[in-house]
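What follows is a short report on a single structure.
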Amino acid sequence: MPASSYFLLFFFMNFFSPAQSYLLTHCEPVNETVSVEKDGCPKCLAFQTSICSGHCFTKEPVYKSPFSSIYQHVCTYRDVRYETIRLPDCRPGVDPHVTYPVALSCECSLCTMDTSDCTIESLNPDFCMTQKEFILDY
C-alpha cells in the first residue's frame, strides 16, 4: 500500500470520527416520563421529571489486563433536588409516599448505585408492572 493511502486512511479515521461525536447529545438534564410503584399500592403513577441523559466520552483500551480496572464514565447526577409524590389507592397501613431525585445538573463520572441505574440494559423509566395512571401537570 502506498504511503499516500496510509495518510488518507489516517486522515479520514481521525477527521470524521470526532466530527460524528458532535452529533451525540452531551450529558445533560432532560425531561422524561418516569413511573413509580410500590407494594400495597395497586396503581403505578407516571409523571414528567428531569433525569440525566446523554453521551460521555470514554476510552476503551485495546489491551485489557487482568491486573488493571477499567472505569467507564456514565451520565449521572451532579446536583439533585428530591421531591415526594403520593400514590393513589394504597392499602391501609401502607405509606403512599415515594421520594425521587430530580436532576438539576449532570456530569460524566463513575456510576453511583445510590442515585443511578448502573446496569448494562435496564427497563424503560416509564415501565410499570401494575395499572398505570398519568399525572399531566406535576
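Every residue gets a Cβ built from N, Cα and C, even glycine.
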Per Swiss-Prot, cysteine bonded by disulfide to Cys111 (from Cys106, Cys118, Cys128): Cys118
Disulphide partner cysteine [Swiss-Prot] for Cys75, chosen from Cys27, Cys128: Cys27
Selected from Cys52, Cys56, Cys128: Swiss-Prot disulphide partner of Cys106: Cys52
Of the candidates Cys41, Cys44, Cys56, the one sharing a disulfide with Cys108 in Swiss-Prot: Cys56
DSSP-derived class (H/G/I helix, E/B strand, else coil) of Cys118 (disulfide bond): coil
Coarse DSSP state, helix versus strand versus coil, of Cys52 (disulfide bond): strand
